[in-house]
Structures are given as C-alpha cells and as structure tokens.
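According to Swiss-Prot, the feature substrate binding site maps to TYR15, GLY42, LYS109, TYR132, ASN187, ASN292, ARG388. Look at Swiss-Prot and you will find TYR72, SER108, LYS109, TYR132, ASN187, TYR218, SER246, PHE247, SER248, ARG257, ASN292 tagged as pyridoxal 5'-phosphate binding site, backed by sequence analysis. Taken from Swiss-Prot, the feature N6-(pyridoxal phosphate)lysine covers LYS249.
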Amino acid sequence: MATINDNYLKLKAGYLFPEIARRVNAFAEAHPEAKIIKLGIGDVTEPLPQACRQAMIKAVEEMGDRATFKGYGPEQGYNWLREKIAQNDFQARGCDIDASEIFISDGSKCDTGNILDIFGKNNTIAVTDPVYPVYVDTNVMAGHTGDANDKGEYLGLVYLPMTANNNFTPELPSQKVDLIYLCFPNNPTGATATKENLTKWVNYAKENGSIIFFDAAYEAFITDPSLPHSIYEIEGARDCAIEFRSFSKNAGFTGTRCALTVVPKTLKAKASDGSEVELWKLWNRRQSTKFNGVSYIVQRGAEAVYSEEGQAQVKALVNFYLENAKIICDKLSFAGLTVYGGVNAPYVWVKTPDGLSSWDFFDKLLQSANVVGTPGSGFGAAGEGYFRISAFNSRENVEEATRRIIEKLTV
C-alpha cells in the first residue's frame with residue numbers, strides 16, 4: 001500500500017478558518033432568522049478598480065484574436081509587469097531591487113509555503129506568536145517540526161511572543177535561528193514596525209547568517225511616512241531577506257490572484273558541502289519546474305494598478321478599508337473594549353473582556369450580536385485572550401456590526 005506524508009498527521013484538528021466556518025454554519029442552521037455579519041477572514045468586499053477591469057477586458061479581447069493571442073507566459077511573470085513593480089514599489093522608495101529579482105505568482109500565501117522547497121530540513125525556524133497560521137502549518141507539512149504540545153506549539157519552532165508589553169513587535173531571539181518570519185503591518189495584531197525595529201532584525205540576520213521572510217502583504221495600508229513599506233528600505237536587507245507582496249488587499253485581487261516574491265541575486269545560503277549558493281537561482285529553478293505562471297489577463301489587470309487612474313482607485317480602496325478600521329476602533333473603544341491596531345493596518349486586535357477565552361468571546365459575539373470575528377488563540381498561544389476583527393467589509397456591515405456590539409456587549 002502507498003504511504004502518506006505523516007507530517008500532515010501532526011497538524012492540529014482544523015485550520016483556523018474552516019473551524020470558524022463550521023461554527024458559523026451550525027449557528028446559522030439553528031437560527032435561520034439571524035443576519036450574520038462576518039468580520040473574520042480577511043477577504044475584500046469592494047469591486048476591482050475600474051482601471052484593472054478595463055485592462056483585463058482588453059486582455060480578454062486580445063486572447064480572442066490569433067494575432068494577439070497569448071499561450072504560456074514566462075514562469076517568472078511578464079517583464080512589463082515586473083518592471084512596473086520594481087520602479088513603483090521599490091526603486092521609488094530607494095530600494096535597490098531589479099525587475100529580474102521579482103517573481104510574479106498567484107498568491108503570497110502560496111509563496112510563503114512554497115519558499116520552503118529551496119531550504120533544508122535542519123534549519124532552526126522562528127515565528128512570531130501570534131502568527132499567521134500558514135507559516136507554521138507549512139513547516140509542519142514539510143517535516144521541519146516535531147509534535148505540538150498542549151498549548152499548540154510545535155517542537156522545533158522558536159516562538160517570539162508579541163504582546164501589549166512589547167507593542168506587539170517581537171524581541172530578537174536569544175538563540176541563533178536560521179529562518180525568521182516577520183509580517184508588518186502585522187496579521188493578526190495590526191502592529192507596525194519602525195525602521196529602527198527592522199534594522200535590528202537585519203543586523204541580527206547578517207550577524208547570524210539568517211534569512212528573513214518578510215511578508216509585506218499589507219504595506220499599502222501604511223499612511224505614516226516614517227514607517228517602512230519594504231524591508232529593502234533597510235541597509236543590508238538585500239543580503240538577508242526575501243519579501244512577499246500581494247495585490248489581494250490593496251487592489252481587491254483575492255478572487256483574481258496575483259502576488260509577487262522578491263529574491264535578490266545577492267542573497268545566499270549554504271549547501272551541505274559548505275559552499276554558498278544563490279537563492280535566486282534555486283527559486284527560479286523551482287518556479288520554472290512547478291509553476292506555469294499567472295494568467296496573462298490577470299497580469300494585465302495587475303499592471304493597470306500602476307497607471308495614474310489605477311493608483312488613484314487603489315488609494316481610494318485602501319482609504320475605504322482604513323476608514324472601516326477607524327470606525328471599528330472608535331466604536332469598540334466606546335463599548336469599553338481595549339483595542340490595538342487598525343491604524344496603518346486593516347486589522348483590529350481586541351482584548352477580550354471579563355477574562356473570556358478567545359473562543360468563548362467568539363461564541364458570545366456570534367450568539368448575542370450575530371457578528372463573526374477571529375479568535376486570537378487561533379493565531380498562537382500568545383493570542384489567547386484576544387480577538388481579531390477585519391476591516392474588509394462594506395461600510396453598512398461595519399456600522400451595523402459595531403452598533404450591535406455596543407448594544408449587546410458594552411462593558
């Protein structure tokens with residue numbers, strides 16, 4: 001009989017969001033009259049920017065003409081999109097990133113998991129706590145961890161607590177680690193990192209031969225000009241960091257699928273024989289073998305983000321969600337709840353009241369206000385006693401959800 005990858009058996013009972021869906025569906029079946037508002041999973045609600053839609057329509061028409069039809073594209077992405085990204089997202093901010101170092105993909109969630117393909121199994125891996133669950137689960141699947149303990153922490157991972165005491169920015173690890181996951185603006189806490197914060201991490205990585213996986217999926221929500229949008233704004237980061245970005249949240253591409261990963265050509269890691277190998281070459285080989293590239297139509301839509309019209313429309317989308325976040329923060333604070341994040345980020349991190357556990361507060365919010373959020377404990381042990389609320393929803397839903405919370409849960 002064929003055998004399985006036993007590492008999958010080490011995964012906890014259910015991925016966070018399917019468990020939320022199970023509970024919500026059970027409640028909806030028992031209470032069909034309830035009008036449930038979902039502020040849990042970070043999925044966008046507003047339509048694609050008009051500039052992107054028009055570009056995609058034009059691309060569809062091109063696919064219907066033999067003279068302009070496109071078949072397989074380059075696995076790394078079309079150069080015209082990579083150039084626009086390099087110029088607008090990196091070089092404009094003083095980052096020394098070339099278009100050839102940018103790889104277009106169908107999602108940063110995929111890339112943060114797939115990047116492990118090019119790294120060995122004996123690396124020591126550090127994740128923040130709380131953490132986006134994908135970082136942990138993909139390492140479990142890849143065989144980089146032992147079993148989980150009673151708190152849900154996996155043997156072999158180094159957990160870096162993010163708490164109110166450290167402003168939800170982790171301290172440097174006390175031990176040497178090889179791979180470090182950082183996400184700023186942070187999911188789930190909404191915290192941001194200053195240039196000083198990131199400089200400490202870059203210096204640590206260079207001193208220890210570590211690689212930073214920097215998830216910048218929410219950088220478009222930064223409005224404070226003093227905060228870095230990219231880790232490559234920090235001197236030396238080209239030699240120690242891989243950055244992941246996405247069009248999902250700034251341009252509404254969650255259902256369209258387009259993202260990018262930056263692997264500088266100066267970035268190296270060691271082979272088992274001690275020689276240094278360029279990671280760009282390995283990632284390029286991995287993508288060429290396992291990925292056929294993002295649809296031409298979608299890439300034309302992403303390119304339109306960088307047009308004058310596209311930039312204005314994307315900014316309007318981002319501002320819409322940031323205003324939602326402000327409403328959530330203001331209304332929940334009025335209700336007597338302690339809130340973090342929601343500024344320079346689309347997530348609000350709420351301290352659960354009355355000593356309730358994260359899942360107990362989830363159930364209370366669902367049952368009394370018919371509002372769905374995300375239990376903080378689903379993001380790690382340090383998330384217990386917290387709750388994530390997403391600003392990705394319609395204004396009507398955000399205002400109604402916060403009205404219900406004030407009515408039902410005012411502390």
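Cβ from N, Cα, C; glycine included.
Using Cα positions, the member of the binding-site residues GLY42, LYS109, ASN292, ARG388 nearest to SER246 (pyridoxal 5'-phosphate binding site) is identified as LYS109. According to its DSSP assignment, TYR132 (substrate binding site) is coil. Among the residues TYR72, SER108, LYS109, TYR132, ASN187, TYR218, SER246, PHE247, SER248, ARG257, ASN292 said to bind pyridoxal 5'-phosphate, no two Cα atoms are farther apart than 34 Å. Neighbours of LYS249 (N6-(pyridoxal phosphate)lysine) among the binding-site residues GLY42, TYR72, TYR132, ASN292, ARG388, defined as a Cα within 10 Å of its Cα, are GLY42. DSSP gives TYR72 (pyridoxal 5'-phosphate binding site) a coil state; it is part of no helix or strand. Each residue contributes its Cα atom, and for ARG388 (substrate binding site) and TYR72 (pyridoxal 5'-phosphate binding site) those atoms are 40 Å apart. A straight line from the CA of TYR132 (substrate binding site) to the CA of SER248 (pyridoxal 5'-phosphate binding site) spans 16 Å. The two recorded residues, LYS109 (substrate binding site) and SER248 (pyridoxal 5'-phosphate binding site), show a Cα separation of 11 Å. The binding-site residues in question are TYR72, TYR132, and the one with the fewest Cβ neighbours inside 10 Å is TYR72. ASN292 (substrate binding site) sits 20 Å from SER248 (pyridoxal 5'-phosphate binding site), counting Cα to Cα.
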